[in-house]
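**Student:** First the structure, then my questions, so here it is.
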Amino acid sequence: MTDAGKTARLNRISTDDRLLTIPMDHGITLGAIDGLVDIEATIREVTANGADAVLTQPGIAPRVHPNKGDAGYIVHLNASTTLGPDQTDKRRTGTVEDAVRAGADAVSFHINVGSDHEPDQITALADVAADADRLGVPVLAMAYARGPGVDEHDAANLGHAVRLAEEVGADVIKTAYSGSTESFQRVVDATAKPVIIAGGDPAGDRETLQGIRDAMDAGAAGVSTGRTVFQHATPGAMTAAISAVVHDDADPEAALARAGLVVDA
């Protein structure tokens, strides 16, 4: 029964085994930044233009459902702030049961492999995965290589992080992009679970799309990108361009043209 539920919920956030999700959980971390003040308008724009799912903290759920259309909804269950002493120290913000009551199709949880808080985060992710499995809810693990002396984009480190996430019970794994198709293939090969890349800091449109294209060519299952989209001058158009790369195998130039965006250098 739980496997059927998990499959059904996975199909609500991705219907072709590829995933474009727009995380909007930055309010805890950074405050009400541009693009998230009127989060309802942003949700409407991105979901109308190809986002498969949006992601927020549980308390934002009432602002999500009236505006997301048919898109899926992922609830994130831990956080830290830029005002705190250690951003790698992610603390629980809810339970799987809270997420289900909030109408989630999946839950997500962040772990920093290599940080001082890694042991506690492994335990917490395992607990979330066990609770989610019991309820038939998919788990998206945000598994990063972060900590003192840790190279956040090293393929071996990222491969370790995604394999850890699989072994603890994640169904989909988000991690940083290693910077090249060849190196990211090693990350993807480290796990049997779908791997999606984080968007990272905003860059030029073509550069962003080329990175996603390269990751997809390496075997990535999609992308989870927030500020690149919701702080874009036209979030809907940027969502459409990314969707073309993820779901239609478009190259950056074709994706930009399809979305009506100017091809930058």
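Just so it is clear, glycine is given a Cβ too, placed from its N, Cα and C backbone atoms.
As annotated in Swiss-Prot:
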- Asp25: active site, proton acceptor (ACT_SITE)
- Tyr144: active site, proton donor (ACT_SITE)
- Lys174: active site, schiff-base intermediate with substrate (ACT_SITE)
- Asp25, His26, Gly27, Ile28, Thr29, Tyr144, Ala145, Arg146, Gly199, Gly200, Gly226, Arg227: 1-deoxy-D-threo-hexo-2,5-diulose 6-phosphate binding site (BINDING)
**Student:** Roughly how many angstrom lie between the C-alpha atoms of the residue listed as 'active site, schiff-base intermediate with substrate' and Tyr144 (active site, proton donor)?
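**Tutor:** Given the Cα positions, the residue listed as 'active site, schiff-base intermediate with substrate' is 8 Å from Tyr144 (active site, proton donor).
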**Student:** Filter the recorded positions Tyr144, Ala145, Gly199, Gly226 down to the ones within 10 angstroms of the residue listed as 'active site, proton acceptor', Cα to Cα, kept in sequence order.
**Tutor:** Gly226
**Student:** Helix, strand or coil by DSSP: which one applies to Gly226 (1-deoxy-D-threo-hexo-2,5-diulose 6-phosphate binding site)?
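**Tutor:** Assignment for Gly226 (1-deoxy-D-threo-hexo-2,5-diulose 6-phosphate binding site) reads coil.
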**Student:** About how far apart, in whole Å, are the alpha carbons (Cα) of Gly199 (1-deoxy-D-threo-hexo-2,5-diulose 6-phosphate binding site) and Tyr144 (active site, proton donor)?
**Tutor:** 13
**Student:** Far apart in sequence but close in space: which same-chain residues, 6 or more away, have a Cβ under 8 Å from Gly226 (1-deoxy-D-threo-hexo-2,5-diulose 6-phosphate binding site)?
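**Tutor:** Within the chain, Gly226 (1-deoxy-D-threo-hexo-2,5-diulose 6-phosphate binding site) has Cβ neighbours under 8 Å at Ile22, Pro23, Met24, Asp25, His26, Gly199.
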**Student:** Kindly assign Ala145 (1-deoxy-D-threo-hexo-2,5-diulose 6-phosphate binding site) to one of the three DSSP-derived states: helix, strand or coil.
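**Tutor:** Strand, per DSSP.
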**Student:** Return the single residue from the recorded positions list (Asp25, Thr29, Ala145, Gly199) that has the minimum number of other CB atoms within 10 Å.
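**Tutor:** If we count Cβ atoms within 10 Å for the recorded positions Asp25, Thr29, Ala145, Gly199, the smallest count is at Thr29.
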**Student:** Provide the three-state secondary structure of Gly27 (1-deoxy-D-threo-hexo-2,5-diulose 6-phosphate binding site) computed with DSSP.
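**Tutor:** The residue in question, Gly27 (1-deoxy-D-threo-hexo-2,5-diulose 6-phosphate binding site), is helix (DSSP, three-state).
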**Student:** Given the 1-deoxy-D-threo-hexo-2,5-diulose 6-phosphate binding site residues Asp25, His26, Gly27, Ile28, Thr29, Tyr144, Ala145, Arg146, Gly199, Gly200, Gly226, Arg227 in the record, what is the largest Cα to Cα distance, rounded to whole Å?
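**Tutor:** Across Asp25, His26, Gly27, Ile28, Thr29, Tyr144, Ala145, Arg146, Gly199, Gly200, Gly226, Arg227, the widest Cα separation comes out at 23 Å.
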**Student:** If you draw a 10 Å sphere around the Cβ of Gly27 (1-deoxy-D-threo-hexo-2,5-diulose 6-phosphate binding site), how many other Cβ atoms fall inside it, taking every protein chain shown into account?
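**Tutor:** Around Gly27 (1-deoxy-D-threo-hexo-2,5-diulose 6-phosphate binding site), other Cβ atoms within 10 Å: 18.
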